[in-house]
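Annotation source TrEMBL lists FAD binding site at 255-259, 296-303, 394-396. Annotation source TrEMBL lists domain 'Photolyase/cryptochrome alpha/beta' at 3-144. Summarising the annotation, TrEMBL assigns region 'Disordered' to 511-540. Summarising the annotation, TrEMBL assigns site 'Electron transfer via tryptophanyl radical' to TRP327, TRP381, TRP404.
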Amino acid sequence: MESNAMIWFRKGLRIHDNPALDHARRGSKHLFPVFVLDPHYLDPDPSPSSPGSARSARSALNRIRFLLDCLSDLDATLRTLGSRLLLLRGDPVRVLCTILKDWNIGKLCYEFDTEPYSLARDKQVKDFASISGIEVFSPVSHTLFNPAVVIEKNGGRPPLTYQSFVKLAGKPPTPLTETYSELPPVGNVAGYELPSVPTIEELGYGDLSQEEFSPFRGGEMEALKRLKKVLEDKEWVATFEKPKGDPSAFLKPATTVLSPYLKFGCLSSRYFYQCLHNVYKTVGKHTSPPVSLVGQLLWREFFYTVAFGTPHFDQMIGNKICKQIPWRDDEGLFVAWREGRTGYPWIDAIMIQLKKWGWMHHLARHSVACFLTRGDLFIHWEKGRDVFERLLIDSDWAINNGNWLWLSCSSFFYQYNRIYSPISFGKKYDPDGNYIRHFLPVLKDMPKEYIYEPWTAPRSVQKKANCIIGKDYPKRVVVHDTASKECRKEMAEAYALDRSGDNLASKEISNGLRRKLDDQKASRPSCLKQKENTDQITQH
């Protein structure tokens, strides 16, 4: 017997390899493709306590714009198939529970989501549907593997190393190859007003100004076009090797820039995986995981699995796999980092690119994350995570938290003595400083020998370049050589105390650790604050 079905889009904003959509259309008289504009992600916060980092303002303009692109593209594709995207706005649980009844839905289909917010939301909707006698189908298709299955194979615990994960995971299922010439028509929407995809201004962001938007546009068609272009260069695909790549390349990024399309599900990870293996078959010799492009997809899976199986994965306190480190609470240093005003042009240019584009190369992310945490400022990784979570167009809960845990040496990676220099690291890729000149135009006329260390430029050179340090461009907030030594010492002390504790994941012990190290710091002069001396040269 035919019934009404609903495909509830959240991520998975695509037609290709979409098991939830495929199941929803089968045997259905009418199909209701629904997306709910969730205020949890989309409503602007006019007065966040810390702009750019407030958890209540989850999505910056670039990511909202990318999402709207995705929705417009999905709606356009659905219309070619005799359907359309039905947009509603409000709390998804309330909205879904209402329209499931009002539209007489017999089958609800949606892609499984692993994030804590999504799991709680989906459980409420699923419980309502079950009580109402509505069939629910929620397949795993945002990831290559089902995290729960991998964890079960590991005895109920998430594997904590990449190698152990890859060994357990095996090979992913193949993508669906079904293509559609039409979909069941939309049924009676019972008097609901269903608007078209809104603009940013219509969402309430009209008063916010942004000089430059991300050059990357959202949508399935854009994702498939970018994928096709990537795959055309078979040699590049075959020889791709992370962490190699130029983080200063911005006109033509030295990576695929497919991460935002995977994040929103405009591109199926299973289809991407299959396409890469098809290239590998034709070229013969190619790089392998963990450094290959397939290896990068498996890193994504690794973080998804650990995040799914680790309570409080997105915080330090109560997270059993996270080192308990007494990070400093210095709002001034944090704001300088967030706003691109540290006085280190390499760091500041990256943060400006993040703000303007909502994206930067993975090695650039490594640089600024290390600088904020264990490298120079010793600020809590959660604060940096919040900024990335809000500003990145590819912000992904599991991967963002996993990378910050890694780069702060709080979990997964513990070689805290290996620090990215905020001077020499960028210089080896871009000795002329073209990346800096683009994103920090105040330094565009600074001679290349001073572009990474403008405080070393003689006053006459600064005047000629129309950039006086301390006036037109900030002085360094810390001296890297002394700050990094202090950070290494702090990390060593925290690691020693972490090893000696019985239950360092508890708040009491973490606070005790903070008090102990604060007392130690109070008894010796700090070497972190920069002396107001523009002639002082950092060693790096």
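Just so you know, glycine gets a Cβ as well, placed from its N, Cα and C.
Keep in mind the model is a prediction, meaning the values are calculated, not measured.
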Local Cβ density at GLU301 (FAD binding site) - other Cβ atoms counted within 10 Å:
22
Considering only the recorded sites TRP327, TRP381, TRP404, which residue has the minimal Cα-Cα separation from GLU301 (FAD binding site)?
TRP404
Using Cα coordinates, what distance in whole Å links TRP404 (site 'Electron transfer via tryptophanyl radical') and PHE303 (FAD binding site)?
11
CB contacts for SER395 (FAD binding site) [other CB atoms within 10 A, all chains]:
22
Given the binding-site residues VAL257, LEU297, which one is most crowded in terms of C-beta atoms within 10 angstroms?
LEU297
C-alpha of THR255 (FAD binding site) to C-alpha of TRP381 (site 'Electron transfer via tryptophanyl radical'): distance in Å?
25
Whole-number Å value for how far TRP327 (site 'Electron transfer via tryptophanyl radical') lies from SER259 (FAD binding site) (Cα to Cα):
30
Rounded to a whole number, how many Å is the Cα of TRP299 (FAD binding site) away from the Cα of TRP381 (site 'Electron transfer via tryptophanyl radical')?
20
Of VAL257, LEU297, PHE303, TRP327, which recorded positions are close to TRP381 (site 'Electron transfer via tryptophanyl radical'), meaning a Cα within 10 Å of its Cα?
TRP327
Measuring Cα to Cα, how many angstrom lie between VAL257 (FAD binding site) and TRP327 (site 'Electron transfer via tryptophanyl radical')?
32
